[in-house]
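Presented below is the structure to which this report refers.
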Amino acid sequence: MSKREDGRLDHELRPVIITRGFTENPAGSVLIEFGHTKVLCTASVTEGVPRWRKATGLGWLTAEYAMLPSATHSRSDRESVRGRLSGRTQEISRLISRSLRACIDLAALGENTIAIDCDVLQADGGTRTAAITGAYVALADAVTYLSAAGKLSDPRPLSCAIAAVSVGVVDGRIRVDLPYEEDSRAEVDMNVVATDTGTLVEIQGTGEGATFARSTLDKLLDMALGACDTLFAAQRDALALPYPGVLPQGPPPPKAFGT
């Protein structure tokens, strides 16, 4: 089988590097690298929930996605300068939010909010899938932080891991984890978000340059899910290390009666 321009086989991911504790202030901070794509993912904990969520006893999770002006080869203006978010930015922010809410019991948070921020430092295709994969690790660290602070009603509110990967048809071949060079000329382009329990969270797929058969869809999903298994292993390896920051001291346990 012939190799791709970057030397990979069709089913191979780019090198994946997950660095926890990349910045100090958030409860969770992760730099994730999919090859040349680099995304900083942070998870911040704040007391309270949106107004429409108050008095429910439920927590909330929201996410924002953005790209640095120089993340691509040509600098672009910050969207804050333009005065409005692009449709793409809003779409990806909502995708990250939906993906992570699929794995957490919001009731366990109490009326607290976890805010996920994903900032693309360097873009070479697959920024949204890298953001989701890295944001899960940041979320897991934020949950550890909340648990140490005694703010969780359930010490294990995460029901599964979440990862995402791009897959597509390029030059008539099914390939996974497309860099920009492949993504820009793909006949079929798809993003798959999955759990480590074998279920799917979201599938975004389009025939960019051609229609595709049901059998091709099945092959795309098979390759994407196989790649997600590799990403889950990378997440587990990263999270096997100790929490990278200083954990808060929770409230003391209640005294036993008569002591």
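Heads up, residue numbers simply count up from 1 along the chain you see.
Just so you know, glycine gets a Cβ as well, placed from its N, Cα and C.
Going by what Swiss-Prot states, the phosphate site holds Gly126, Thr127, Arg128, and the candidate of Arg82, Arg84, Arg88 recorded there is Arg88. It is Arg88, among the binding-site residues Arg88, Arg128, whose Cβ has the fewest other Cβ atoms within 10 Å in the structure shown. If you compare every pair of Cα atoms in Arg88, Gly126, Thr127, Arg128, the residues listed for phosphate, the longest distance is 14 angstrom. Sequence-distant contacts of Gly126 (phosphate binding site), defined by Cβ-Cβ distance under 8 angstroms and a gap of at least six in the same chain, are Phe34, Thr37, Val165, Ser166, Asp177, Leu178, Pro179, Asp183.
According to DSSP, Arg128 (phosphate binding site) is assigned to a helical segment.
Cβ-based neighbour count (10 Å, all protein chains) for Thr127 (phosphate binding site) stands at 24.
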